[in-house]
Amino acid sequence: MHIAVVGLSHRTAPVEVREKLSIPEQTMEESLQNLRGHDQVLEASILSTCNRLEIYTLVRNPELGISAVREFLSSHSGLETGDLKPHLFAYHHEDAVGHLLRVAAGLDSLVLGEGQILSQVKKMMRLGQEHKSLGPILNRLLTQAVSTGKRVRSETNLGTGAVSISSAAVELAQLKLGQSRGLDELVTLEDEQVAVVGAGRMSRLLLQHLQAKGASGVVVLNRTVARAEALAADFPTLPVQCRPLKDLDHCLSTCSLIFTSTAADDPIIDAERLSKLNRRSSLRLIDIGVPRNIAADVEGIGGVDAHDVDDLKEVVERNQEARQQVAREAQGLLDGEARQFLEWWDSLEAVPTINRLRSSMESIRSEELMKALSRMGPDFSARERKVVEALSKGIINKILHTPVTALRSPQPRSDRQNALSVVERLFDLQADEDSVQN
């Protein structure tokens, strides 16, 4: 068996490719079932965010398993495998383990050290558990990835002052507004008429950072006004107007800065929609949705300045240099966590032999106990029988403790295989098909 990951990210694919592979939560169960339906895939878990799609699997054969995942991605996205392959990365075994730990720690994020990715890894694990696509291997790996992500943030300064996608979007707005005034600096948003489309987690973060950057008020549009009102209630000192999404055209006509972050499958703003509006001032659109909420053709509309998540790199690069040294320090911690998981993985090789050894000892114990009890006669009480049985089990456990601990302990694979061979010969342990790992 092998752990493998196949995916793409902001490092390997532009947003127009990433949005085609995005897997929303409502279709996650179906996608996981499709993956698990392949005879090569034993366990599966999917991480889908605005900047990456990664599929982690436990497979029988790494080459065949990775090929199966690529075929799934091609079918899901509608892209030919040949067109998709240049954007994909694939790792297996220790490289796959190391990659997941880097992702959970925020070292592979567009915004180095950002905290939201850890929540997304937790969600990946929760969905895998709910849809029963995880087994003991990936469940152990994801659990360790989450604990590693927490440890990196608590034991290093990586998370200190880290920006998020939402805060980078607000900074991009400040930067572009400053550049429009001939300034290479971030300027306040107090004079901007700001709107946020969507009322989810990303929109919550947008409101938080808009308030911090001086926005005097925000319009929140959402299909469900009640959800927008619930969001606004968390910002009592920020004037927030809540409107239904049908008022979007009004906001497009009156606002100067609009952020979009919805789960819509198709763009909600395009050139045709904008061309019908009677605007008298410029409009800046910043889209952090994947799939994109704003169509690429809006760039052809005069007075409209549109940006998507890939444009956030301009802001991120201004903040990254000072964090690189901290990231290098965090990598040492990740290396230790990866070794720990791989040592556990290697120890699984001993499990079938240990199980057969325990089974053999239990058969001997049970047989000899029955012989002894039969000689005790009817005067031997039930309580005394329980004491003798507990004694026999205790003796077996004491005898097995040292060899079992030795077989499970970290060691070169050749040493463990030699030890397993010796134990199997000494105790005449015959392997059966059910106990042999694929």
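Every residue gets a Cβ built from N, Cα and C, even glycine.
As recorded in Swiss-Prot:
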type	residues	note
BINDING	Thr49, Cys50, Asn51, Arg52, Ser109, Glu114, Gly115, Gln116, Gln120	substrate binding site
ACT_SITE	Cys50	active site, nucleophile
SITE	His99	site 'Important for activity'
BINDING	Gly198, Ala199, Gly200, Arg201, Met202, Ser203	NADP(+) binding site
Fewest-neighbour residue among binding-site residues, criterion Cβ within 10 Å, set Asn51, Ser109, Gln120, Ser203: Gln120
Cβ atoms near Gly115 (substrate binding site) (within 10 Å, other residues, all chains): 16
Shell list (substrate; ref centroid = CB of Thr49, Cys50, Asn51, Arg52, Ser109, Glu114, Gly115, Gln116, Gln120; cutoff 8 A): Gly106, Leu110, Val111, Ile117, Ile165
C-alpha spacing of Cys50 (active site, nucleophile) relative to Met202 (NADP(+) binding site), in angstrom: 11
Cβ within 8 Å of the mean position of the Cβ atoms of Gly198, Ala199, Gly200, Arg201, Met202, Ser203: remaining residues of the chain near NADP(+): Val196, Arg204, Leu205, Leu206, Leu231, Ser261, Thr262
Other C-beta atoms that fall within 10 angstroms of the C-beta of Thr49 (substrate binding site): 22
Residue from Cys50, Asn51, His99, Gly115 whose C-alpha is spatially nearest that of Ala199 (NADP(+) binding site), among the recorded positions: Cys50
Cys50 (active site, nucleophile) and Ser109 (substrate binding site), distance between Cα atoms, whole Å: 11
Residues that sit under 8 angstroms from Arg201 (NADP(+) binding site) by C-beta distance, when 6+ apart in the chain: Gln116
Distance from Gly115 (substrate binding site) back to Gly200 (NADP(+) binding site), taken between C-alpha atoms, in Å: 17
For the binding-site residues Gly198, Gly200, the one whose C-beta sees the most other C-beta atoms within 10 angstroms: Gly198
Rounded inter-Cα distance in Å - Gln120 (substrate binding site), His99 (site 'Important for activity'): 15
Inter-residue Cα distance where the pair is Cys50 (active site, nucleophile) and Gly115 (substrate binding site), in Å: 14
Cα distance (Å, whole number) from His99 (site 'Important for activity') to Asn51 (substrate binding site): 15
Nearest of the recorded positions (Thr49, Cys50, Gly198, Ser203) to His99 (site 'Important for activity') - Cα to Cα: Thr49
